[in-house]
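Report on the structure given below.
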């Protein structure tokens, strides 16, 4: 087969909704089209990843590109990868970081859409059925192309009415049937007792049984980044933090022929010329379309979805829970992810857990809202009835827009946009030499902790060895290398250095997308920030002023976008102290054990003195972090009133996991044991 006619070979004004290979079926029109020829074979993959600086030079010096993609989310990066692997001269621009928007804020599921299949059957909607069928095919591809970043997840549907058992069983079996040979595992029915055994925190009353089916799960931001990096290795000139200022148009024909863009980090502006410009900007689709034509009507209707992260004990390690049939039409879910639990929607979480499981506000470790770019249906009154079918449109001036769709079908969307499938079987960054036992080699060859090694293998795949090679020596007997950023999570300092090689340019890039710390625990992310900024400053030659700006920007991100504001508001200067007198006296007594000088406050020195008396060692940085959690006025000391506010908030369930409270209680118990007379303690026998 010779070269294929690309997506730009489309008459102006054509709109294709969810149509495979639409543009290749359109007959050529004299004088109305611009044609691009694809190569016959997939180009060679680069061994070394180009730096961001090299990519910017390529954008300015490689002349006219065949394809220019605007948007670095899953769809945009998928378009760039599809085009690059066809030998097309490809460019991709993202005004923020790759996956900084919707693509990093999903439920982390790779799914066909159980609810969409239900709608397809109930409404005899073939379009919905076809979307589910394609999504299930793409689910299989995504799991195969990046096995280190994804895997199968069993999901339980709790049944609370007898008639629902056969109804859901038939529906889930049809889901398996539609998947065909690509069904991950066969679904099955559970008795009430077995369901409670597997999900013991589930509400028991009226529970009839449960059905378990299988879908996929992935690390969405890392998956998006893997697609972008793979595109770069196949020759695409990809650049994050490069904002499109406006579209360029041919003065004679009026067709879009490139963009004027600006390097956000340096402020430098330059033009990028291309035969074909693709708008893949998700929720911002209409803003780019209006750069082309101010009068064009909107085609995207965004829908917000709120997710919260809770401790891992709210769900089993290897099973999720989902209820698609709620009174208001919103899905309830508890999904294990990165040893934590993603839950939603937030206002109904309590209703699905047993009365013996107390859901506390303090258990919310992080929270975020993702904007889903759904395609507007003029007949729809709300976003609940909108399908995630994608739409490909071509404007009169030749701007191609891909809108709608969902994470699972990113590759199909790219294929429809670029107009041919050549990425089947292509493995993404890190997948080529990955195996489930790769982490063992990391432990044996480099002396990494097993938990850290497993994390590196599941995050970077075969590139984990490159991270291990630059890991710092710990100075301990074990582990030999791999200094953690925070003690509770397996992220190590070497990942920050490697993240810069993966085009990370801000501290937010590291805490939210190169690692997922901000999505797992905002407090831990906040504690890791100073060290992250120090490492990035060394790699990127930041000034002291730049370091301060990065630290402040990252803290603002955590505070307003990741739920840290809600978490810190649980304990403020105006927090009410609602303790009974006996509790107040008990906590005052505990406080005075540390405040020996009766100053009315405690400092790091006070805590260190008590810890030394019970032979407990803790470094000063950790102690500073612990006190900083409670130090409301940030004066380097914890006052008695602040301590009482903390204990009151803990009793109310607004705060959980306070390290200072645990530390002081443990120290008090140790000091009491030391004071027990020998005769009362049994003489040590």
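The backbone N, Cα and C atoms fix where each Cβ goes, and this holds for glycine too.
Sequence annotations record features per position, and here TrEMBL assigns domain 'EF-hand' to 582-617, 618-653.
Away from its own ends, the domain 'EF-hand' (582-617) comes close to residues 623-624, 626-627, 636-640, 643-644, 647, 651, 663-665, 667-668, 670-671, 674 of its chain (Cβ-Cβ under 8 Å, at least six residues beyond either end). Across the domain 'EF-hand' (582-617), the DSSP tally of helix, strand and coil residues reads 23 helix, 2 strand, 11 coil. Over the domain 'EF-hand' (582-617), the average per-residue pLDDT in this prediction is 82.
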